[in-house]
C-alpha cells in the first residue's frame, strides 16, 4: 500500500511543478490597446481639417487676449514679414489665417505637424509663411517663433497641439533629433511650451518655461 502511494506522489509531482512554474513565471501578456488619438476641435466643436484655414485666438480678455498674426520682426533684414506675433488686445484686428499640416491625414492632439500662414503671397515670400523656431535671442533669453521654415523639417519646424490644463489648447515646439539645440525642451517628449514675450512693445510668440499661451482655433 505504501509503495502505491509513493508511486502516485511521484506521478503527480511533475504536474504540480509545471503548474506552479507556468502560473508564476510564464503568464501570457495580452497586448494592451493603444489609446485612441483625440482630434483637435475648433470653436464650433468640429474637427480641424488640414484643407481649411483657422485663426489662432488667445483665450484671454483685454491685454491678455489677441489673435496670432504674421508681422515684421524688429531689425530683420528678411525680404518678407517673418515674425509670429499676438495682437495686444482681444479687441484688435483679426489674426492671420493658418493651416495645420499633419504628418498623418488628420489633426490629432499630441501629434507632430507644421503650421503655415495661409495667405496669398508672392513667390519670394512663400517660405516666409511656414513657422519655425529661431536661434536663441541673447537679449530676450529665449527662442522666438518666426517664419522661413520647411514643411517636414524635423529640427525647427515641428509643433504639437495639446490640451491646456486650463481651457482650450497649448502649442508645443518639438524637435525630434537635435534636442541640445533647444534648452527649453525639457519635458519627457523633448518639447517646449509656446508663450508670449514682449519685443519692442509687441507681443511675440516664443518658447517659455511657464505660462504657455492658451488658444482656440476659429475656422475662417
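In case you wondered, yes, glycine gets a Cβ from its N, Cα and C as well.
Remark: residue 80 (disulfide bond) has 121, 124, 125, 128, 147 as non-local neighbours, by Cβ distance under 8 Å and separation of at least 6 in sequence. According to Swiss-Prot, the disulfide bond annotation covers 80-125 (among others).
Marked as disulfide bond by Swiss-Prot on the basis of similarity to another entry: 174-185 (among others).
Neighbour count (other Cβ atoms within 10 Å of the Cβ, all protein chains): 5 for residue 51 (N-linked glycosylation site). Annotated N-linked glycosylation site per Swiss-Prot: 51, in sequence order, evidence recorded as sequence analysis.
What Swiss-Prot records for 26-31 is motif 'Vacuolar targeting signal', and it gives similarity to another entry as the kind of evidence. If you average pLDDT over the motif 'Vacuolar targeting signal' (26-31) in this model, you get 52.
Residues or ranges marked as signal peptide by Swiss-Prot on the basis of similarity to another entry: 1-23.
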Seminar exercise, completed: Within 10 angstroms of the C-beta of residue 125 (disulfide bond), the count of other C-beta atoms across all shown chains comes to 19
Exercise. For residue 51 (N-linked glycosylation site) and residue 185 (disulfide bond), what Cα-Cα distance in Å is obtained after rounding to a whole number?
Worked result: 30
